[in-house]
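What follows is a short report on a single structure.
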């Protein structure tokens with residue numbers, strides 16, 4: 001499921017870039033915040049996936065609840081910033 | 001073996017708790033030390049804000065507290081850079097002022113009525129205490145608690161940091177260094193634990209750093225460099241990805257939030273490194289992921305496929321990027337950053353950056369003055385970081401190497417070197433003490449455990465003689481020389497396990513280690529003495545008030561600057577404009593509350609060149625220029641009577657250079673005699689006629705009859721002259737600040753206006769903004 005989410009985020013980012021290439025980047029901050037929000041959620045989802053993956057030796061001790069809580073916190077901060085930046 | 005474990009465990013926990021309490025107390029004391037060593041200037045002079053830049057920050061803080069955050073964010077300042085004004089909201093790093101404003105509000109909410117000035121003056125020492133604690137945390141992550149405590153103690157006192165954070169030095173670096181260390185600490189913590197929580201905190205700390213100082217580009221380039229280093233040396237792990245990738249995304253977004261940075265966060269070359277490494281780390285992560293999934297043969301096929309496609313795409317993107325970057329003349333870097341990479345850049349193209357004394361390369365003695373003992377503990381620390389090498393210690397090594405390089409370019413960046421040097425020295429000292437105290441302990445242990453064995457055998461406790469040690473321990477086991485058999489067993493177990501470990505660790509002879517410990521403590525004592533001396537004598541001078549010792553030992557205070565500003569604020573109209581060299585702009589707006597033409601922000605080179613040209617021109621031309629800018633008063637700093645070396649005549653060469661950079665009729669060779677600027681009888685006529693000379697030395701000959709300039713150590717060239725276009729309105733007690741007023745044009749014009757002459761002067765003023773007035777003078 002996380003993989004699908006990652007793919008969705010990346011595709012949304014690509015669509016936004018294509019839009020900018022076509023229409024022009026006038027409200028640059030909106031473009032920036034949109035693209036970076038997609039990239040950001042993708043990155044965070046990847047991090048979550050890394051941490052939750054049972055085969056990953058380095059994160060054996062990390063309970064998945066904690067990983068998810070961190071993920072939620074990070075997303076909160078990210079979206080707060082994006083809302084602010086969207087203008 | 002449960003029974004004997006418990007007392008051992010208990011002993012261990014008690015020791016642990018005791019150690020915790022002790023380190024907490026030590027940290028508290030370090031904080032108090034860091035705070036109090038910076039208070040010398042408050043004790044010696046008064047609680048006043050130093051230098052030039054802090055006055056601007058102070059004024060901004062006053063405005064913030066008076067008008068609130070929204071007005072501050074959108075503030076357009078019309079009291080500086082007349083007639084251009086300055087967008088404060090968009091050009092200032094708000095971190096410091098917001099921090100001080102918050103502190104003031106907290107104190108007021110607690111009903112502690114501190115004035116804004118007090119809060120501003122003491123912000124720096126408070127944050128240096130925080131910075132010391134942050135250094136403890138950072139070094140603890142790299143090496144351990146002992147190293148952390150040593151590094152924190154070193155940072156609390158290091159003169160280089162003290163120089164920019166004394167009480168009263170209310171400048172960006174005061175909070176920025178704290179933000180820097182905290183950001184690095186959180187990065188290392190994320191790297192060590194791999195937790196997203198710390199990654200979030202890291203991004204927030206980075207945001208605080210971006211708010212505070214332009215030096216944040218150091219972070220955003222150092223961390224990618226470190227990530228690249230880790231990848232290249234094969235230390236890639238998913239923790240690295242979690243540490244780096246969210247930081248880049250969140251960090252760039254947060255950096256773009258700060259108005260000063262804005263879109264520079266994605267457009268300037270200073271940030272490209274982070275994006276490049278972002279892409280690289282994704283590629284590497286993908287490669288590892290695929291490697292884990294596919295069989296080796298398929299992996300190789302996939303690799304060739306991906307590499308060929310990737311190279312094509314990569315080349316295309318790279319070509320576009322290079323075209324974009326090459327199109328801008330500075331390749332996308334800002335002037336200051338470029339001067340860091342190419343130290344000769346500023347002197348060739350931007351004389352203003354070259355003229356700031358803080359931007360010069362440091363001399364060798366200044367390294368020893370600012371870092372003292374740390375200068376030769378750092379290499380030891382670097383070696384200690386290599387055994388064992390972890391991600392965190394490789395980061396520390398990278399940090400010190402880069403900061404040493406950059407501090408060699410600009411003396412101001414020695415400040416960034418200070419925490420790195422403290423960390424390294426802390427590690428080195430802690431490792432040294434480790435080895436030495438361990439040697440002492442083992443030697444003593446071996447000596448007491450083998451009372452029958454003479455000293456000769458005791459010295460045989462060397463790394464290679466682990467077997468022999470065990471044998472001697474066994475013989476002790478048979479002897480019941482200790483109080484209880486259990487304790488003996490514990491000791492033996494501990495000693496034997498330790499001695500087994502000791503096989504690889506170094507154990508030095510007893511006397512040598514004791515002497516070494518004593519010498520190291522002595523070294524620390526020298527360091528402390530030097531730091532206190534540096535803080536008291538060298539770095540605590542508020543440049544706004546000067547002191548000197550008279551012959552009978554009394555203290556003589558020169559308060560001329562504040563005298564002049566007070567005169568200005570009391571005796572001129574609120575809307576009067578004051579022209580001076582840009583050094584004094586901030587102080588004039590903050591203390592005298594008058595509009596200035598140019599100030600320390602130096603963002604408009606042409607405007608500064610205008611003032612410089614005016615100062616270098618003869619009186620009539622200067623009057624023209626100043627009149628076109630609506631200037632009423634001219635402020636000149638003159639040190640010839642008392643021997644104050646940083647006066648305007650000494651800065652005159654920069655006025656000529658900067659003015660000449662924009663207005664070609666100012667030619668530097670006109671002012672030089674034999675390649676030197678002179679003001680005595682050998683000076684060139686252009687020099688003797690320039691406004692700066694005249695305003696500095698007007699009536700100077702009346703002081704001692706000869707006109708002897710104590711700074712240049714000569715008599716002046718032109719002694720008796722009158723001013724035609726300016727009149728002197730105020731000279732301070734020691735003649736350090738002199739104020740002149742522009743004379744208004746005469747109402748009646750005598751004789752014909754000489755058209756050719758007026759054309760010559762008006763062509764120079766036509767290059768400037770403002771209406772051209774026809775020259776009403778003869």
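Here the Cβ of each residue, glycine as well, is placed from N, Cα and C on the backbone.
TrEMBL assigns the feature transmembrane segment to residues B:272-290, out of the candidate ranges B:63-81, B:272-290, B:329-347.
The stretch that TrEMBL tags with transmembrane segment, taken from the ranges B:119-138, B:419-438, is B:119-138. Sequence-distant contacts of the transmembrane segment (B:119-138), counting only residues of its own chain at least 6 positions beyond either end whose CB sits under 8 Å from a CB of the stretch, comprise 27, 30-32, 34-36, 38-39, 42, 47-49, 54, 57-58, 61, 96, 99-100, 103-104, 107, 148-149, 151-153, 155-156, 161-162, 164-171, 174-175, 177-178, 181-182, 184-185, 188-189, 419, 422-423, 426.
A contact between the transmembrane segment (B:394-411) and the transmembrane segment (B:174-199) is present, since 3 or more of their C-beta pairs, 6 or more residues apart, lie under 8 Å. The predicted model assigns the domain 'STT3/PglB/AglB core' (B:575-634) a mean pLDDT of 87. Nonlocal intrachain contacts for the transmembrane segment (B:144-162), taken as residues 6+ away from its ends with a CB within less than 8 angstroms of a stretch CB, comprise 19, 23, 26-27, 30-31, 33-34, 37-38, 128-129, 131-133, 135-138, 177, 369-372, 374, 414-415, 417-419, 421-423, 425-427, 429-431, 433-434, 527-528, 530-532, 534-535, 538-539. Beyond the ends of the transmembrane segment (B:241-266), by six or more residues, the same chain brings 73, 89-94, 187, 190-191, 194-196, 199-200, 202-204, 206-207, 210-211, 214, 216, 220, 223-224, 227, 274-275, 277-278, 281-282, 285 to within a C-beta distance below 8 angstroms of the stretch. Where the transmembrane segment (B:505-529) meets the stretches B:21-43, B:205-229, B:367-387, the count of C-beta pairs under 8 angstroms peaks at B:367-387. Sequence-remote contacts of a segment are chain residues at least 6 beyond its ends whose Cβ falls under 8 Å from one of its Cβ atoms, and for the transmembrane segment (B:87-107) they are 57, 60-61, 64-65, 69, 72-77, 113-114, 116, 119-120, 123, 126-127, 170-172, 174-176, 179, 208-214, 258-260, 262, 601, 603.
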